Amino acid sequence: MGTVTTADPHASFLADKGGKVFVAGHRGLVGSAILRHLVSLGFTNVVVRTHAELDLTRQSDVEAFFAAELPRYVVLAAAKVGGIHANSTFPADFIAANLQIQTNVVDAALKCGSVRKLLFLGSSCIYPKFAPQPIPENSLLSGPLEPTNEWYAVAKIAGIKMCQAYRIQHGFDAISAMPTNLYGPQDNFHPENSHVLPALIRRFHEAKASNAAEVVVWGTGSPLREFLHVDDLADAVIFLMDHYSGLEHVNVGSGSEVTIKELAELVKEVVGFQGKLVWDSSKPDGTPRKLMDSSKIQEMGWKPKVPLKEGLVETYKWYVENVISAKK
(Lines of atoms letter the chains of each structure in order from A; the text may use other names.)
(Lines give C-alpha, C1' and ligand atoms only; values in the text may rest on other atoms or scores of the structure.)
Protein backbone atom coordinates (compact mmCIF):
# COMPACT_ATOMS: atom_id res chain seq x y z
CA MET A 1 0.00 0.00 0.00
CA GLY A 2 1.16 3.51 -0.77
CA THR A 3 3.85 2.51 -3.27
CA VAL A 4 3.91 3.62 -6.88
CA THR A 5 5.17 1.22 -9.53
CA THR A 6 7.47 2.47 -12.26
CA ALA A 7 5.77 1.51 -15.50
CA ASP A 8 6.07 3.15 -18.91
CA PRO A 9 4.45 6.61 -18.53
CA HIS A 10 3.29 6.48 -22.16
CA ALA A 11 1.81 2.98 -22.07
CA SER A 12 -1.84 2.33 -22.89
CA PHE A 13 -4.07 1.10 -20.06
CA LEU A 14 -3.87 -2.57 -21.07
CA ALA A 15 -0.10 -2.31 -21.52
CA ASP A 16 0.30 -0.79 -18.04
CA LYS A 17 -0.75 -3.75 -15.87
CA GLY A 18 1.59 -2.67 -13.08
CA GLY A 19 0.02 0.79 -12.89
CA LYS A 20 -2.02 1.28 -9.73
CA VAL A 21 -5.79 1.08 -10.36
CA PHE A 22 -8.27 2.26 -7.72
CA VAL A 23 -11.68 0.60 -8.10
CA ALA A 24 -14.15 2.59 -6.00
CA GLY A 25 -17.18 0.48 -5.05
CA HIS A 26 -15.56 -2.94 -5.49
CA ARG A 27 -18.18 -4.82 -3.45
CA GLY A 28 -21.16 -3.93 -5.62
CA LEU A 29 -22.50 -5.67 -8.72
CA VAL A 30 -20.44 -3.49 -11.09
CA GLY A 31 -17.29 -2.89 -9.06
CA SER A 32 -16.86 -6.57 -8.17
CA ALA A 33 -17.09 -7.53 -11.86
CA ILE A 34 -14.51 -4.88 -12.82
CA LEU A 35 -12.20 -6.12 -10.06
CA ARG A 36 -12.54 -9.74 -11.27
CA HIS A 37 -11.86 -8.66 -14.84
CA LEU A 38 -8.75 -6.64 -13.97
CA VAL A 39 -7.29 -9.54 -11.97
CA SER A 40 -8.06 -12.03 -14.78
CA LEU A 41 -6.25 -9.76 -17.27
CA GLY A 42 -3.12 -9.74 -15.10
CA PHE A 43 -3.36 -6.33 -13.41
CA THR A 44 -1.11 -6.64 -10.36
CA ASN A 45 -1.64 -3.36 -8.52
CA VAL A 46 -5.38 -2.95 -7.92
CA VAL A 47 -6.34 -0.95 -4.82
CA VAL A 48 -9.71 -1.28 -3.09
CA ARG A 49 -11.25 0.00 0.13
CA THR A 50 -14.42 -1.01 1.94
CA HIS A 51 -16.81 1.69 3.13
CA ALA A 52 -15.57 1.08 6.69
CA GLU A 53 -11.99 1.70 5.54
CA LEU A 54 -12.76 4.75 3.40
CA ASP A 55 -15.98 6.77 3.47
CA LEU A 56 -16.08 8.39 0.03
CA THR A 57 -18.54 11.04 1.23
CA ARG A 58 -15.84 12.50 3.52
CA GLN A 59 -13.71 14.90 1.47
CA SER A 60 -10.69 15.00 3.81
CA ASP A 61 -10.52 11.19 3.99
CA VAL A 62 -10.70 10.86 0.20
CA GLU A 63 -7.98 13.48 -0.31
CA ALA A 64 -5.73 11.75 2.24
CA PHE A 65 -6.27 8.39 0.52
CA PHE A 66 -5.33 9.75 -2.92
CA ALA A 67 -2.29 11.59 -1.53
CA ALA A 68 -1.04 8.39 0.12
CA GLU A 69 -1.85 5.88 -2.62
CA LEU A 70 -1.24 8.00 -5.75
CA PRO A 71 -3.21 5.75 -8.12
CA ARG A 72 -2.57 5.97 -11.86
CA TYR A 73 -6.10 4.99 -12.90
CA VAL A 74 -9.51 5.34 -11.24
CA VAL A 75 -12.76 3.51 -11.96
CA LEU A 76 -15.61 5.18 -10.08
CA ALA A 77 -18.27 2.49 -9.60
CA ALA A 78 -19.25 3.56 -6.07
CA ALA A 79 -22.74 4.97 -5.59
CA LYS A 80 -25.65 5.01 -3.18
CA VAL A 81 -28.32 2.95 -4.95
CA GLY A 82 -31.82 1.76 -4.12
CA GLY A 83 -35.25 0.97 -5.49
CA ILE A 84 -38.19 3.28 -6.20
CA HIS A 85 -39.38 3.18 -2.58
CA ALA A 86 -35.97 4.14 -1.19
CA ASN A 87 -35.51 6.92 -3.75
CA SER A 88 -38.91 8.45 -2.99
CA THR A 89 -38.55 8.11 0.81
CA PHE A 90 -34.96 9.34 1.16
CA PRO A 91 -34.36 11.74 -1.77
CA ALA A 92 -31.95 13.94 0.20
CA ASP A 93 -29.78 10.93 1.09
CA PHE A 94 -29.55 9.84 -2.55
CA ILE A 95 -28.73 13.19 -4.10
CA ALA A 96 -26.33 14.26 -1.32
CA ALA A 97 -24.34 11.02 -1.00
CA ASN A 98 -23.90 10.57 -4.75
CA LEU A 99 -22.88 14.19 -5.33
CA GLN A 100 -20.39 13.94 -2.45
CA ILE A 101 -18.85 10.67 -3.70
CA GLN A 102 -18.43 11.96 -7.25
CA THR A 103 -17.13 15.39 -6.27
CA ASN A 104 -14.66 14.04 -3.73
CA VAL A 105 -13.23 11.30 -5.97
CA VAL A 106 -12.96 13.33 -9.20
CA ASP A 107 -11.48 16.36 -7.45
CA ALA A 108 -8.99 14.34 -5.38
CA ALA A 109 -7.99 12.38 -8.49
CA LEU A 110 -7.07 15.64 -10.23
CA LYS A 111 -5.34 17.23 -7.23
CA CYS A 112 -3.11 14.27 -6.30
CA GLY A 113 -1.35 14.63 -9.66
CA SER A 114 -0.81 10.92 -10.33
CA VAL A 115 -4.06 9.97 -12.08
CA ARG A 116 -3.82 9.60 -15.86
CA LYS A 117 -7.38 8.52 -16.45
CA LEU A 118 -10.68 8.27 -14.59
CA LEU A 119 -13.83 6.49 -15.70
CA PHE A 120 -17.15 7.46 -14.11
CA LEU A 121 -20.03 4.99 -14.28
CA GLY A 122 -23.55 6.34 -14.54
CA SER A 123 -26.92 4.78 -15.27
CA SER A 124 -29.52 4.71 -18.03
CA CYS A 125 -31.88 6.59 -15.66
CA ILE A 126 -30.07 9.81 -16.68
CA TYR A 127 -32.20 9.96 -19.83
CA PRO A 128 -35.59 11.67 -20.14
CA LYS A 129 -38.69 9.60 -19.41
CA PHE A 130 -39.86 9.97 -23.01
CA ALA A 131 -36.48 9.75 -24.76
CA PRO A 132 -36.43 8.42 -28.34
CA GLN A 133 -35.85 4.67 -28.70
CA PRO A 134 -33.15 3.41 -28.96
CA ILE A 135 -31.81 6.14 -26.64
CA PRO A 136 -28.82 8.02 -28.14
CA GLU A 137 -26.23 9.82 -26.00
CA ASN A 138 -27.40 13.22 -27.28
CA SER A 139 -30.86 12.82 -25.73
CA LEU A 140 -29.36 13.74 -22.34
CA LEU A 141 -31.15 16.79 -20.84
CA SER A 142 -33.65 16.89 -23.72
CA GLY A 143 -36.73 16.41 -21.52
CA PRO A 144 -38.08 15.71 -18.01
CA LEU A 145 -36.70 12.74 -16.05
CA GLU A 146 -38.63 9.79 -14.66
CA PRO A 147 -39.92 11.30 -11.36
CA THR A 148 -39.46 8.11 -9.30
CA ASN A 149 -35.65 8.27 -9.33
CA GLU A 150 -34.85 11.81 -10.44
CA TRP A 151 -32.69 12.51 -7.36
CA TYR A 152 -30.30 9.71 -8.27
CA ALA A 153 -30.49 10.64 -11.96
CA VAL A 154 -29.67 14.31 -11.32
CA ALA A 155 -26.61 13.28 -9.28
CA LYS A 156 -25.43 10.99 -12.09
CA ILE A 157 -25.94 13.73 -14.68
CA ALA A 158 -23.86 16.03 -12.46
CA GLY A 159 -21.14 13.36 -12.47
CA ILE A 160 -21.04 13.37 -16.28
CA LYS A 161 -20.90 17.17 -16.33
CA MET A 162 -18.17 17.21 -13.70
CA CYS A 163 -15.99 14.91 -15.82
CA GLN A 164 -16.62 17.18 -18.82
CA ALA A 165 -15.83 20.35 -16.85
CA TYR A 166 -12.58 18.92 -15.44
CA ARG A 167 -11.56 17.88 -18.96
CA ILE A 168 -12.33 21.34 -20.39
CA GLN A 169 -10.73 23.40 -17.61
CA HIS A 170 -7.89 21.16 -16.45
CA GLY A 171 -7.24 18.81 -19.39
CA PHE A 172 -8.04 15.92 -17.02
CA ASP A 173 -8.75 12.66 -18.86
CA ALA A 174 -12.09 11.84 -17.22
CA ILE A 175 -14.61 9.81 -19.23
CA SER A 176 -18.13 8.56 -18.48
CA ALA A 177 -19.95 5.33 -19.38
CA MET A 178 -23.70 4.77 -19.08
CA PRO A 179 -24.71 1.10 -18.80
CA THR A 180 -28.14 -0.35 -19.53
CA ASN A 181 -29.98 -2.74 -17.14
CA LEU A 182 -27.33 -4.99 -15.61
CA TYR A 183 -27.48 -8.44 -14.05
CA GLY A 184 -25.09 -11.12 -12.83
CA PRO A 185 -23.24 -12.36 -9.71
CA GLN A 186 -23.49 -10.02 -6.67
CA ASP A 187 -26.86 -8.68 -7.87
CA ASN A 188 -29.46 -7.49 -5.36
CA PHE A 189 -32.18 -10.14 -4.81
CA HIS A 190 -33.96 -8.32 -1.97
CA PRO A 191 -37.77 -8.85 -2.06
CA GLU A 192 -38.57 -5.13 -1.76
CA ASN A 193 -36.03 -3.31 -3.93
CA SER A 194 -34.56 -5.70 -6.50
CA HIS A 195 -34.86 -5.07 -10.24
CA VAL A 196 -37.02 -7.19 -12.54
CA LEU A 197 -34.50 -9.88 -13.49
CA PRO A 198 -33.21 -10.83 -10.01
CA ALA A 199 -36.78 -10.47 -8.69
CA LEU A 200 -37.98 -13.07 -11.22
CA ILE A 201 -35.12 -15.43 -10.31
CA ARG A 202 -36.00 -15.17 -6.62
CA ARG A 203 -39.75 -15.61 -7.16
CA PHE A 204 -39.43 -18.65 -9.43
CA HIS A 205 -36.90 -20.25 -7.08
CA GLU A 206 -39.16 -19.71 -4.06
CA ALA A 207 -42.16 -21.08 -6.01
CA LYS A 208 -40.14 -24.15 -7.02
CA ALA A 209 -38.93 -24.71 -3.44
CA SER A 210 -42.49 -24.50 -2.05
CA ASN A 211 -44.06 -26.53 -4.90
CA ALA A 212 -46.35 -23.61 -5.75
CA ALA A 213 -48.83 -24.15 -8.58
CA GLU A 214 -48.23 -20.78 -10.22
CA VAL A 215 -46.24 -17.56 -10.25
CA VAL A 216 -48.17 -14.34 -10.90
CA VAL A 217 -46.30 -11.53 -12.65
CA TRP A 218 -47.61 -7.98 -13.04
CA GLY A 219 -48.71 -6.65 -16.42
CA THR A 220 -49.08 -8.26 -19.82
CA GLY A 221 -45.42 -9.13 -20.38
CA SER A 222 -45.30 -7.01 -23.53
CA PRO A 223 -42.75 -4.29 -22.56
CA LEU A 224 -39.36 -4.58 -24.24
CA ARG A 225 -36.22 -4.37 -22.14
CA GLU A 226 -32.47 -4.66 -22.66
CA PHE A 227 -30.15 -6.56 -20.32
CA LEU A 228 -26.36 -6.68 -20.18
CA HIS A 229 -24.33 -9.16 -18.16
CA VAL A 230 -22.12 -7.32 -15.70
CA ASP A 231 -19.04 -9.16 -17.02
CA ASP A 232 -19.73 -7.59 -20.42
CA LEU A 233 -19.89 -4.17 -18.76
CA ALA A 234 -16.56 -4.86 -17.03
CA ASP A 235 -15.09 -5.77 -20.42
CA ALA A 236 -16.48 -2.51 -21.87
CA VAL A 237 -14.97 -0.48 -19.00
CA ILE A 238 -11.51 -1.92 -19.73
CA PHE A 239 -12.08 -1.30 -23.45
CA LEU A 240 -12.99 2.37 -22.86
CA MET A 241 -10.07 2.90 -20.47
CA ASP A 242 -7.81 1.65 -23.25
CA HIS A 243 -9.51 3.12 -26.34
CA TYR A 244 -11.57 6.21 -25.49
CA SER A 245 -10.74 9.74 -24.47
CA GLY A 246 -13.57 12.17 -25.19
CA LEU A 247 -15.98 14.73 -23.80
CA GLU A 248 -19.23 12.85 -24.48
CA HIS A 249 -20.42 9.98 -22.30
CA VAL A 250 -20.72 6.54 -23.92
CA ASN A 251 -23.72 4.19 -23.77
CA VAL A 252 -22.99 0.54 -23.00
CA GLY A 253 -25.75 -1.93 -23.84
CA SER A 254 -26.28 -5.36 -25.35
CA GLY A 255 -28.15 -3.93 -28.33
CA SER A 256 -30.75 -6.72 -28.13
CA GLU A 257 -34.25 -6.60 -26.69
CA VAL A 258 -36.44 -9.15 -24.96
CA THR A 259 -40.06 -8.86 -23.84
CA ILE A 260 -40.74 -9.25 -20.13
CA LYS A 261 -42.81 -12.33 -21.09
CA GLU A 262 -39.86 -13.90 -22.93
CA LEU A 263 -37.60 -13.06 -19.99
CA ALA A 264 -40.00 -14.63 -17.47
CA GLU A 265 -40.31 -17.81 -19.58
CA LEU A 266 -36.52 -18.02 -19.83
CA VAL A 267 -36.04 -17.56 -16.07
CA LYS A 268 -38.76 -20.16 -15.41
CA GLU A 269 -36.87 -22.62 -17.64
CA VAL A 270 -33.45 -21.88 -16.09
CA VAL A 271 -34.77 -22.22 -12.52
CA GLY A 272 -36.72 -25.38 -13.40
CA PHE A 273 -40.12 -24.23 -12.12
CA GLN A 274 -42.79 -26.66 -13.39
CA GLY A 275 -45.91 -24.66 -12.47
CA LYS A 276 -47.87 -22.05 -14.42
CA LEU A 277 -46.82 -18.51 -15.28
CA VAL A 278 -49.82 -16.18 -14.88
CA TRP A 279 -49.98 -12.55 -16.04
CA ASP A 280 -52.02 -10.07 -14.00
CA SER A 281 -52.99 -7.63 -16.76
CA SER A 282 -54.86 -5.42 -14.26
CA LYS A 283 -51.43 -4.26 -13.03
CA PRO A 284 -49.34 -1.65 -14.91
CA ASP A 285 -46.76 -2.57 -17.54
CA GLY A 286 -44.45 0.42 -17.18
CA THR A 287 -42.57 1.97 -20.10
CA PRO A 288 -43.33 0.03 -23.33
CA ARG A 289 -39.74 0.04 -24.55
CA LYS A 290 -36.33 0.92 -23.13
CA LEU A 291 -33.27 0.32 -25.28
CA MET A 292 -29.96 2.17 -25.34
CA ASP A 293 -28.31 3.12 -28.61
CA SER A 294 -24.86 1.57 -28.16
CA SER A 295 -23.69 2.10 -31.74
CA LYS A 296 -20.94 4.49 -30.60
CA ILE A 297 -19.00 1.92 -28.54
CA GLN A 298 -19.76 -0.84 -31.04
CA GLU A 299 -18.32 1.28 -33.86
CA MET A 300 -15.13 1.59 -31.76
CA GLY A 301 -14.87 -2.21 -31.87
CA TRP A 302 -16.50 -3.45 -28.66
CA LYS A 303 -19.20 -6.14 -28.66
CA PRO A 304 -20.96 -7.95 -25.79
CA LYS A 305 -20.14 -11.65 -25.43
CA VAL A 306 -22.50 -13.23 -22.88
CA PRO A 307 -25.82 -14.55 -24.30
CA LEU A 308 -28.83 -13.91 -22.05
CA LYS A 309 -29.60 -17.58 -21.29
CA GLU A 310 -25.96 -18.37 -20.47
CA GLY A 311 -25.83 -15.33 -18.19
CA LEU A 312 -29.08 -16.35 -16.47
CA VAL A 313 -27.76 -19.86 -15.79
CA GLU A 314 -24.62 -18.40 -14.19
CA THR A 315 -26.59 -15.81 -12.19
CA TYR A 316 -29.04 -18.43 -10.87
CA LYS A 317 -26.13 -20.66 -9.85
CA TRP A 318 -24.58 -17.74 -7.94
CA TYR A 319 -27.94 -16.99 -6.27
CA VAL A 320 -28.34 -20.58 -5.07
CA GLU A 321 -24.74 -20.88 -3.87
CA ASN A 322 -24.49 -17.46 -2.19
CA VAL A 323 -27.94 -16.15 -1.27
CA ILE A 324 -29.89 -19.35 -0.58
CA SER A 325 -27.01 -21.23 1.08
CA ALA A 326 -26.38 -18.19 3.34
CA LYS A 327 -29.94 -18.51 4.70
CA LYS A 328 -29.50 -22.16 5.71
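The backbone N, Cα and C atoms fix where each Cβ goes, glycine too.
In sequence order, Val23, Ala24, Gly25, Val75, Ala77, Ala78 are the residues near Gly31 (NADP(+) binding site), counting only same-chain partners six or more apart with C-beta under 8 A. Positions annotated as NADP(+) binding site by Swiss-Prot: Gly25, His26, Arg27, Gly28, Leu29, Val30, Gly31, Lys156, Pro179, Thr180, Asn181, Leu182, His195.
Residues annotated as site 'Important for catalytic activity' in Swiss-Prot, with similarity to another entry given as evidence: Ser123 (among others). Non-local neighbourhood of Ser123 (site 'Important for catalytic activity'): Tyr152, Ala153, Lys156, Met178, Pro179, each in the same chain, at least six residues away, with C-beta under 8 Å from its C-beta.
Per Swiss-Prot, the feature site 'Important for catalytic activity' maps to Cys125 (among others). For Cys125 (site 'Important for catalytic activity'), other Cβ atoms within 10 Å of its Cβ number 18.
Per Swiss-Prot, active site, proton donor/acceptor is recorded for Tyr152. There are 25 other CB atoms within 10 A of the CB of Tyr152 (active site, proton donor/acceptor), with all protein chains counted.
In three-state terms derived from DSSP, Lys156 (site 'Lowers pKa of active site Tyr') belongs to a helical segment. Within 10 Å of the Cβ of Lys156 (site 'Lowers pKa of active site Tyr') there are 25 other Cβ atoms, across all protein chains. Under the heading site 'Lowers pKa of active site Tyr', Swiss-Prot lists Lys156.
DSSP assigns Asp285 (substrate binding site) to coil, not to a helix or a strand. There are 14 other Cβ atoms within 10 Å of the Cβ belonging to Asp285 (substrate binding site). For Arg203, Trp218, Arg225, Asp285, the entry in Swiss-Prot reads substrate binding site.
In this structure, Leu29 (NADP(+) binding site) is part of a helix by DSSP. Per Cα geometry, Asn181 is the residue among the recorded positions Leu29, Cys125, Asn181 nearest to Arg225 (substrate binding site). The secondary structure of Trp218 (substrate binding site), as reduced to three states from DSSP, is extended strand. Rounded to a whole value, the Cα-Cα separation of Leu29 (NADP(+) binding site) and Cys125 (site 'Important for catalytic activity') is 17 Å. Between the C-alpha atoms of Cys125 (site 'Important for catalytic activity') and Asp285 (substrate binding site), the distance comes to 18 Å.
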